[in-house]
Amino acid sequence: MQLITTENKLAGSKKALEIIEKGITTGEVNTLGLATGSTPETLYAELVKSDVDTTNVTTTNLDEYVGLAASDPNSYHYYMNNLLFSKKAFKESFLPNGEATDAEAECARYEEILTEHPIDIQVLGIGTNGHIGFNEPGTSFDSLTHKVVLTDSTREANKRFFEREEDVPTHAYSMGIKSIMNAKKIILLAFGENKAQAIKETIKGPVDVNCPASVLQNHPDVTVILDNEAASLL
């Protein structure tokens, strides 16, 4: 596990972009795994400004809310289109279908996509409870793409994106921890003091399902990029 501490979110995002650009330029990155939320927003803004050619790059996404149409402004389809896909051309892009009526079939479909498009670099954020994707504490390290019941703390953290608290979905489709660990390389981004405890447990704590991100200690190629605040407890 390589640890990089930067001055702020912009510097950290630029460092992540350097790794991604190099992988695309050398042809090592054919599939790029993407995350959502506030953490990668600056990375995507920098990627849009970059001259790197992404027209031969396929993207996959970690998760999507259950019950939201792709056109819903709170969906991750909408988020990705708004921040990245409408501004930068990719070969093809895959996300779970939030409107799927058969959850089991949708999870199997998405896992098949991940098998057909092995992820070369997976970008991750981390929740204050150590979740990666929507894999909450207690999730099996052997999990594949699955339907998740969102915890109160995760819904609380995400309610700022919704007009009303009751509008925050209760379920999501998420790549499983095993699905994430199948990526050849992982870049974990964390910025801000509120992520410091989760980062401490991820890097220095035991590998335990109560901190899902701690499983990254077992991955052969992880780069953790932090700002000074997120690194403050290390």
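Residue numbering: from 1, along the chain as shown.
Any Cβ shown, glycine's included, is placed from N, Cα and C.
Quantities reported herein were computed from a predicted structural model and do not represent experimental measurements.
What Swiss-Prot says about this protein:
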type: ACT_SITE; residues: ASP63; note: active site, proton acceptor
type: ACT_SITE; residues: ASN129; note: active site, for ring-opening step
type: ACT_SITE; residues: HIS131; note: active site, proton acceptor
type: ACT_SITE; residues: GLU136; note: active site, for ring-opening step
Provide, as an integer number of angstrom, the distance between the C-alpha atoms of HIS131 (active site, proton acceptor) and ASP63 (active site, proton acceptor).
12
Whole-number answer please: how many Å between the C-alpha atoms of ASN129 (active site, for ring-opening step) and GLU136 (active site, for ring-opening step)?
8
Could you state the whole-number distance in Å separating the C-alpha atoms of ASP63 (active site, proton acceptor) and GLU136 (active site, for ring-opening step)?
13
Across every protein chain in view, the count of C-beta atoms other than its own within 10 A of the C-beta of HIS131 (active site, proton acceptor) is 25
Kindly assign HIS131 (active site, proton acceptor) to one of the three DSSP-derived states: helix, strand or coil.
coil
